[in-house]
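Read through the structure below, which is laid out as structure tokens, and then see the notes.
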Amino acid sequence: MAWPDLDPPRLAERPLSLQEALFVLEAPPEALPALAEAAIRVKEYFFGRRLKLVRLLNVKSGFCPEDCAYCAQSARSQAAIARYPLLSLEEILERAEEAQRLSARRFCLVAALRGPTPKVLERLGEAAQAIKARFPLELCASLGLLEEGMAEALKAAGFDYYNHNLNTAPSLYPRIATTHTYQDRLWTLKRAREAGLKLCSGVILGMGEGPKEVYEMALALRELGVESLPVNFLLPIPGTPLGDGRTVAGLTPERALKALILFRLLNPKAELRASAGRERYLGPYEPLAFRMVNSIFLQGYLTQPGSPWERDRALWESLGLDVEEGACG
């Protein structure tokens, strides 16, 4: 087929069709530079050359009753990770100060839970109020499934975003988790939206999806209107059901980059984040990825290490990207 129309305003008005998306995902190697430049143009049209730095904090590690196949903290996991109860208020504030020193613009508080308990809501509510009083950080919570009133409590405490990833396509979800459904995740995002929280929701690629499922994920997130969209690439962790790496065998740097391009083109106004696994899978294309996304995670993920801060800084400085600063509104 002919090249699709990749004009940024047009992409904001009308999503790519499945046929156009497959053109991107199945493009030959010689088309990759032009597709990458198109994605970069989209990012710069809507956001300029800004890059937002995001820091994660795992406020409670392990002991999660859910059975997500990718997760080292789940009930099915035998992974050798640190497991600890809910951090104290003082520990959370120390890590917020560290995030500020690293030039982070957003601080994400994550807990391995089916959903937040009253204790978790109280502790993180206190933490949010204290952080907002001291640091110009955007705050995001990722605490599992939300019941009635929980999102409102988080919003009142000062959280700006709620993270709850769709992770994969609806048709594949029963392979990934059985203790909750894809629809449960959609309900949680709906509750967060109705409470006035901005939505952070993304995917984990490399869990057995094909090109059509990648399109399905990207389109679903567009239809949800998520403000923040992390694209993760599976890090197989020994001791988890997906720990043998069989599902990522074909995830080459070219395929990883083309997937990121598609998420950019289908979600031109979303804050796209190159998340877990970028260091491993993007390889020589990581500089291109930095130019087409809005944000990156700093210094690692929930249970896995990431890039040293100095390495990432050298990369964004070499590309002339402007790191976001300033008080959050």
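Every residue, even glycine, has its Cβ placed from backbone N, Cα and C.
Values in this document were obtained by computation on a predicted structure and should not be read as measured data.
If you draw a 10 Å sphere around the CB of Cys68 ([4Fe-4S] cluster binding site), it holds 23 other CB atoms from the protein chains shown. Per Swiss-Prot, [4Fe-4S] cluster binding site is recorded for Cys64, Cys68, Cys71, and the stated evidence type is sequence analysis.
The annotation [2Fe-2S] cluster binding site is assigned in Swiss-Prot to Cys108, Cys140, Cys200, Arg273. DSSP assigns Arg273 ([2Fe-2S] cluster binding site) to a strand segment in the three-state reduction.
As a whole-number mean, the pLDDT of the domain 'Radical SAM core' (46-275) in this prediction is 97. If you look up Swiss-Prot, you'll see 46-275 marked as domain 'Radical SAM core', on the strength of sequence analysis.
Other than Cys108, Cys140, Cys200, Arg273, the residues of this chain whose Cβ falls within 8 Å of the Cβ centroid of the [2Fe-2S] cluster site are, in sequence order, Val54, Arg106, Ser142, Tyr161, Asn163, Ser228, Pro230. Summary of the [4Fe-4S] cluster site environment: with the site residues Cys64, Cys68, Cys71 set aside, the chain residues having Cβ atoms within 8 Å of the Cβ mean position are Glu66, Asp67, Tyr70, Ala72, Gln73, Ser74, Ala75, Arg76, Ser77, Ala112, Ala177. Cys71 ([4Fe-4S] cluster binding site) and Cys108 ([2Fe-2S] cluster binding site) are 18 Å apart (CA-CA, integer value). DSSP assigns Cys108 ([2Fe-2S] cluster binding site) to a strand.
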